[in-house]
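Trainee: Annotation source Swiss-Prot lists substrate binding site at R27, Q28, A29, G30, R31, D77, Y154, T209, H327. Among the features that Swiss-Prot reports, site 'Transition state stabilizer' is placed at D77, with the record citing sequence analysis.
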Amino acid sequence: MSELKNDRYLRALLRQPVDVTPVWMMRQAGRYLPEYKATRAEAGDFMSLCRNADLACEVTLQPLRRFPLDATILFSDILTVPDAMGLGLWFEQGEGPRFARPIQHRRDVEQLPIPDPEQELGYVMNAVRAIRQRLQGAVPLIGFSGSPWTLATYMVEGGSSKAFTKIKQMLYAEPETLHLLLDKLADSVVLYLNGQIRAGAQAVMLFDTWGGALTGADYREFSMHYMHKIVDGLLREQDGRRVPVTLFTKGGGQWLEAMAATGCDALGLDWSTDIADARRRVGDKVALQGNMDPSVLYGSPARIEREVATILDAFGPGEGHVFNLGHGIHQDVPPAHAGHFVAAVHRLSQSYHR
């Protein structure tokens, strides 16, 4: 494969020197871009877009044509793994993901297969290979998965949830069943991410979107334990280069020390965590990614620039920072504002890397 022309992102994750702070955006390929909407319309629906390697490749590359981003992330969905387990994923207009066959009983968990990344999830691997080929070494490609806990919330609830009633009922009434499910998911995610790495992903990220819904003790037992298992099982070197691993628990700022002890290379931060405090606590062990509130992108260019400057100043000089939003970019943000954000990070961060 082509030699990497811009390795700022990978270097920052490994706390190595860079010339400017690298930047990318969660959900950077998405509905805020008119070209994405056109490609999705061509695909017909969201999962058809994910399953078409050529179209998934196209939307992955779209933000790079607009902005000088330092990384690109595979266009896919965290629910591809449970879908490949046979739960029947579909999307209800205005309501989000739904599963036709949610997990209700222990026997449902026992019957779950562990998907083969090159068979049931082969369309994802094909997309990774196509993207790497089209990138021609421009920037690194990030692969990703949902964390076992986060995937389990959708599988047990049958879709999105705000109260997490069903999975918390399982957690407190049938913890052995939940552990069995999480263990199967961890094994599946290891295979899935290693498949992405073999196909060409140069870094991987675990999205623990709903870990923050747990108590501290439950987080360690039902979420972090399984992310640790995944980190232990991942390929950490491919094609002679280290493959960095980033963990992101939304609402998990109180658990950074425990997360850093998993052996990951970096932690993602949401905007509720002070990045200066995070660096003091774990900056000698891991890089940090984040953490601007995505809603700042509704502001003027001057307001966006001010927030970027504040976060850069809070992190301070030196290595180990990847600038990002604290969660995904909102679908109604003007693309020009995202462009101002990326440019501001590169321009304002130069003085921190002398």
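Every residue, even glycine, has its Cβ placed from backbone N, Cα and C.
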Trainee: Rounded to whole angstrom, what's the largest C-alpha distance between any two of R27, Q28, A29, G30, R31, D77, Y154, T209, H327, listed as binding substrate?
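Mentor: Those residues reach a largest Cα separation of 23 Å.
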Trainee: Return one of helix, strand or coil for R31 (substrate binding site), based on DSSP.
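Mentor: For R31 (substrate binding site) - judged by DSSP and reduced to three states - the answer is coil.
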Trainee: Cα-Cα, whole number of Å: H327 (substrate binding site) versus D77 (site 'Transition state stabilizer')?
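Mentor: D77 (site 'Transition state stabilizer') has its Cα 15 Å from the Cα of H327 (substrate binding site).
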Trainee: Counting other Cβ atoms within 10 Å of each Cβ, which of the binding-site residues R27, R31, H327 scores lowest?
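Mentor: With the binding-site residues R27, R31, H327, fewest surrounding Cβ atoms within 10 Å: R31.
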Trainee: Please work out the number of neighbouring Cβ atoms within 10 Å of the Cβ of A29 (substrate binding site), leaving out its own Cβ.
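Mentor: Summing over all protein chains shown, A29 (substrate binding site) has 24 other Cβ atoms within 10 Å.
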Trainee: Does DSSP give D77 (site 'Transition state stabilizer') helix, strand or coil?
Mentor: coil
Trainee: Are there any residues at least 6 positions away along the chain from D77 (site 'Transition state stabilizer') with a Cβ closer than 8 Å to its Cβ? List them or say none.
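Mentor: Sequence-distant Cβ neighbours: F46, M47, C50, P97.
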Trainee: Counting only residues 6+ away in sequence within the same chain, which have a CB under 8 Å from the CB of Y154 (substrate binding site)?
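Mentor: Sequence-distant Cβ neighbours: L79, P82, P97, F99, S160, S161.
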